[in-house]
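My structure is below; once you've seen it, I'll send some questions.
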Amino acid sequence: MALWHSGTKPSVGPDATPEEKEEDRHRRLCALSTKHRKVFSTWPRDPDGKVFGPGETAGTGKQAPNGIEAWGNSLFDFYHVARIPVVENYITYSTSSRLLEWMKKHGETFADDQLAMAEREPEPQEVRPWPVGEAFKDIDRRVNMFKPFKDQGRTPASKVEFGLREPFVPIAAAPLLQERVPFRLLPKKLVVHDPSRLLRASYRSGDLAEEPKDWDAKPDIVSVYRLELSEEGKKKLKEEEDALEKLRKEDNKALADFLQNPTSENMPPDQGILLNTEEQEELGPSTPALFLVHGPAPIKQPIEEAHVYLSPDHLVGRGNHSYAFKVDWEVPRSMVVPDHLCDICVIEKGLTIVLKEDGPKGERRNPQWNERSGKVVEVVDFAPSVVSTAIDPSGEDILTEDGEEVLYEIQPRRLRTKKQYHGPLRVIHTGVEYQNPADGPLCKHLAEREQPPSLTASVSVVAKLSHPDDDHLPHEAKNYQTFPTHFFQHFTGFNQLRPLHDPFPVGALVPQFYGYYVPEEGNKPMIFDRKVPGSGVPGEAGRAAWKETKLKYEYRSPIMLLEYCGRAIPNDTKELSIDDRYTCASLFLRMHHAGWVQGSPYARNVLMQSGPIDTYPLDRMVNGMNERSDLRQTMFRLIDFGRSEKFDPKSGDRIAEERRVMELFKMLHYS
């Protein structure tokens, strides 16, 4: 369908061979001017329907938490719709969920297929980045394959020690951390390893290139930094703690209510396993199924310490006010990897308890567990296929060379069945808890694939340093702590926002924020020897890992840790596809919608990386090599918020920035 809206015309005629037509089709699909994201669909109106007035759907329909009203799960959930049914050219844009509400309210059921599809549209869902814990499993396997690295960094299972493994080792390269870290888990202390004294943040041209590449070529100078939260950051930390306490109370209440009336209809979420025995495999009346209660997921405790490693070989950005380095951030593994629940342990323990209570042949079983008080039913999940014809911009059906309608299957037919138990449950308290390597060895089921060689883990993030006597970085750190949560979240579906006409994806606007750190007063730089086990604390007696040094800093920059989001887009934005330029422009418009101006709308402040965010990293690399922009699924993010601020609607700042954004990305009359 994208080809009907492509700015690249066919270069072959109807007499061309199939191979030539396919080659030309591929060329047009790969063209930068071809739009793959557009409002393709038209909502049919009842000729006798009411006028669809401006503003009548305000505040209706499904919305992502960013508050932008036009949201659709797919491109086919966006529509052209006639405001006056008999005036076809007087149209507006809308979404299936908003139109569904309006049509129901006014009793218009003319577009029955579209209404049925709108009823099945899912709600917006947050998309979680690929878990970094999965990447650690791959790294641990690679490390164990190479004996020189096998024991490097291995520590006692009950002790967290930093600095024992050399940073930036290619065979065990730190994976990108792209998940959110709540304020309450940001490490309170940051030990900065800086052999090249990059914390000076003032280098002559060529200084970094002359630095040795080998990490051990210079003494490892370390400085101790502390986390500094703004008032807004402290407020959000308190909100996180209050929300956790509220959630724990709700979970406890849900479990207590369930135990008062244990049935399949009110099972508490994530607090047990429903186990169907042979009795629950057949449709019809059934004895009660088992519900095996396990311990709740533990709340992560605050993180006291982490280490960061700076290398001149990993400079990723240089600006008028700052430098940005890609760094290894060594943190307690429990900070970024969730605790494990072993389902096998829960089931084994539960069945052992049942056997003990009932006896080997069930001779001691309570008679109520023999009663067929429940039932097993078949649940059918069915949705018919949704097929649409294609129309050209004038509203006429698009036909094939044979004169047939061009049909597209928007939604395939779905038919799934499963057996489901309903009724009372037999509750078994297993006493099985979540497991964490820091608490001791894991169970036999998890040990082989989950037991790490170290209780720390290195992830790759960006450290932003500030030039001396410059206040942009502290201001930017305050902005990151003030931004609304949805700036950092990825969501399913698409938004549509004026003055743009085409939908755009709803990824995160800004990099994840991993803390703002300042030098701890009274702590002088010291030398760290990673070859001597034990990290200790600077100045602590009896720790051979720390040594005094005469090396000094005239200035030590504060550090802001952020998610690495790729490279800057080309200065000539015409090198991007039209869809990608729309997405880039939408980032600024979404910021404006939330009441902010970015303050520096330049190509250097928009980063790009292969996506999607929830995909295995190697698959993302493969996507990035695709010739077609829609299959590359490139993600974009804004950076550099040292000049950003909430705008006064009367100031004109938003309008001025919007004009510069449209000009930068060759949108509207600037195209």
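Yeah, the Cβs are placed from backbone N, Cα and C, and that goes for glycine too.
What TrEMBL says about a protein is an automatic prediction, not a curated fact.
As annotated in TrEMBL:
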REGION    1-26  region 'Disordered'
REGION    43-63  region 'Disordered'
COILED    227-257  coiled coil
For the region 'Disordered' (43-63), find every same-chain residue at least 6 residues outside the stretch whose CB is under 8 Å from a CB in it, and list them.
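Residues 69-71, 73, 79-86, 92, 94-95, 97-102, 106, 108-111, 114, 121, 123-124 contact the region 'Disordered' (43-63) from elsewhere in the chain.
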Under DSSP, the region 'Disordered' (43-63) has how many residues in helix, strand and coil?
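Final tally across the stretch: 0 helix, 1 strand, 20 coil.
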Restricting attention to the coiled coil (227-257), give the mean pLDDT.
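Within the coiled coil (227-257), the model's average pLDDT equals 96.
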Using DSSP, tally how many residues of the region 'Disordered' (1-26) sit in helix, strand and coil.
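Tallying H, G and I as helix, E and B as strand, the rest coil: 13 helix, 0 strand, 13 coil.
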